[in-house]
Amino acid sequence: MCQYFLKKIRNVWERWFTYRLWFGLSMVSIAVIFGPLTGAHVNPAVTIDFWEVGKFPTELVLVYIIAQCIGAFIVALIVWLLFKDHLDEEDNQNCQLGSFATIATNSNNLRNLLSEIVTTFSLLFILFTLNHQQPTNGVAMFFVFTGVAGGVMSFGGLTSYAINPARDFMLRLIHAIMPIKNKGTSNFDYAWVPVLRPVIGAILAAWLYKALF
């Protein structure tokens, strides 16, 4: 996201295309690396979703969510460290914040809430059907990529496509507590939306999956 927002590097690539490509490929990379170890659970919404349909043990839900938040915090700290000079030179405060957390393009939180519910619902339902059909790894990773990249293409312009409560909140926290020259608000008044909406979308996807399968 830093390469998407920050002024000295944001014009190196076609921003929207590379942002979509990066988002999809990063999710595939995570799934490939951590899939055999944890089922690629790096998102609390995913963990809650699979727990809701009985595919994840109750005693591990809180453990995984805490680990996901710690991981997001560490990654955010690394991002701040690597891009600190560019962040300090950025004169657009929204671009500084957008390098860490999501920013909605309008102030209607109800529509923003609905947008992320729909996007998370779509992605999680894809993951459920993949888990149900159990395609070969290459095919499964392709659908993970298209699900994420397609979501960014379709809805990213509305709310920046949060889908992961841990990623959004912990990176927003790093923006708030770490020194960045001339930074503005971390917009915690909006933070509840990207935290709550993916969970709602995930639960709705779980209910539909249980109803159909």
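Quick reminder: no glycine exception, Cβ is built from N, Cα and C everywhere.
So that you can see what the record holds, here are the features copied from Swiss-Prot:
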- 22-42: transmembrane segment (TRANSMEM)
- 63-83: transmembrane segment (TRANSMEM)
- 112-132: transmembrane segment (TRANSMEM)
- 138-158: transmembrane segment (TRANSMEM)
- 188-208: transmembrane segment (TRANSMEM)
- Item | Among 63-83, 138-158, 188-208, stretch most in contact with the transmembrane segment (22-42) (C-beta, under 8 angstroms) | 138-158
- Message: How about long-range neighbours of the transmembrane segment (112-132): same chain, 6 or more residues beyond its ends, C-beta under 8 Å?
- Response: 45-46, 49-50, 53, 55, 104, 106, 140, 143-144, 147-148, 151, 154-155, 158-159, 161-163, 190, 193-194, 196-202, 204-206, 208-209, 213
- Lying 6 or more residues past either end of the transmembrane segment (188-208) yet within Cβ distance under 8 Å of it, the residues of that chain are 43-46, 48-50, 52-53, 101-104, 109, 112-113, 115-122, 124-125, 128, 159, 162-165, 168-169, 172, 176
- Hey, which bits of the same chain come close to the transmembrane segment (63-83), Cβ under 8 Å, at least six residues off its ends? 2, 6, 38, 41-44, 47-48, 99-100, 164, 166-167, 169-171, 173-175, 178, 180
